[in-house]
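Working notes for the structure below.
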Amino acid sequence: MEGNWFRSYFRRARNMRQMDINSTFCQMMYICFSPHKLTKTTTMRKTIKHHWSRDDPAFAVMLIAGLGIASLAYAIALTNEGFYGLIKALFSSIVVHFLILGCAIAYINYRVIENHMIKEEIKYSGAGSKVEWLYCFDVHCNSFLPVFLMCYVLQYFLLPVLLYENFISVLISALLNVSALSYYFYITSQGFSALPFLKNTEYFLVPIAGVFLIGIVAVIFRVNITKLIITLHF
């Protein structure tokens, strides 16, 4: 049954006409401005379709398309390697950052939730306590949207400022990356709080403290995070 569901999901990803783009844009707006409304959407999906995860791959497809466009822009601006530079940028952003890292995070969250975060009374009753791996990946997609907007889109337009070797550039770079990653974990916490059988979903906010610490250290030691990332990938 699960295998058939996955095949249907990926089949829809190859056909634009089977994807609800308008609904996806609304969800993206909710993530940016009213994350709590996305929780209501998740609850409605469970009520109507009897599963928590999206059966429409439009959100992931649109993120991949955005990453592709951003990679092209970065490759043109930052590399002289031509087609090879573009392929390297596409592989880094889409395959490594979004898919491989996203699947790894989704799996880790899935195992942590299964083993430690299901409410005791529901775990023993077995009623409605199944965590879907694909929902964990949905949460990653939701959380990745602000990272994409801040660290790919906004950062691109700020490159003329961020690539300077001065304190202001270091500070802006740190603020940008810290804000993006902090929002990632906030949306992650919001996403899992939508599941009524989970407890302690606020623990997903804990990594924000580490993100802030890294940002402070970067500013103190004048480490330009933007330049560091660009050096690693270009």
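Quick reminder: no glycine exception, Cβ is built from N, Cα and C everywhere.
All TrEMBL annotations are machine predictions without curation.
Given the structure is predicted, the values throughout are model-derived calculations rather than measurements.
For the transmembrane segment (58-77), the list of distant contacts is 13, 19-21, 23-24, 27-28, 85-86, 88-90, 92-94, 97-98, 137-138, 141-142, 144-145, 148, 152-153, 156, 159, 234: same-chain residues at least six beyond its ends, Cβ to Cβ under 8 Å. For 58-77 (among others), the entry in TrEMBL reads transmembrane segment.
Taken from TrEMBL, the feature transmembrane segment covers 89-110 (among others).
Among residues of the same chain six or more beyond the transmembrane segment (143-163), those with a C-beta under 8 A of the stretch's C-beta atoms are 28, 31-32, 63, 66-67, 70, 73-74, 77, 93, 98, 102, 169, 172-173, 176-177, 179-181, 183-185, 187-188, 191, 224, 226-227, 230. According to TrEMBL, the feature transmembrane segment maps to 143-163 (among others).
Annotation comment: TrEMBL describes 170-187 (among others) as transmembrane segment. For the transmembrane segment (170-187), the residues of the chain that approach it from at least six positions outside its boundaries are 31, 35, 139, 142-147, 149-151, 154-155, 158, 161-162, 204-205, 207-208, 211-212, 214-216, 218-219, 222-227, judged by C-beta separation under 8 angstroms.
According to TrEMBL, the feature transmembrane segment maps to 203-225 (among others). Within the chain, the transmembrane segment (203-225) has long-range Cβ neighbours (under 8 A, six or more residues past its boundaries) at 109, 117, 162-163, 165, 167, 169-171, 173-175, 177-178, 181-182, 185-186, 188-189, 192.
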Tertiary contacts of the transmembrane segment (89-110) (same chain, 6+ residues out, Cβ under 8 Å): 63-64, 67-68, 70-72, 74-75, 79, 131, 133, 136-137, 139-141, 144, 152, 188, 192, 204, 233-234
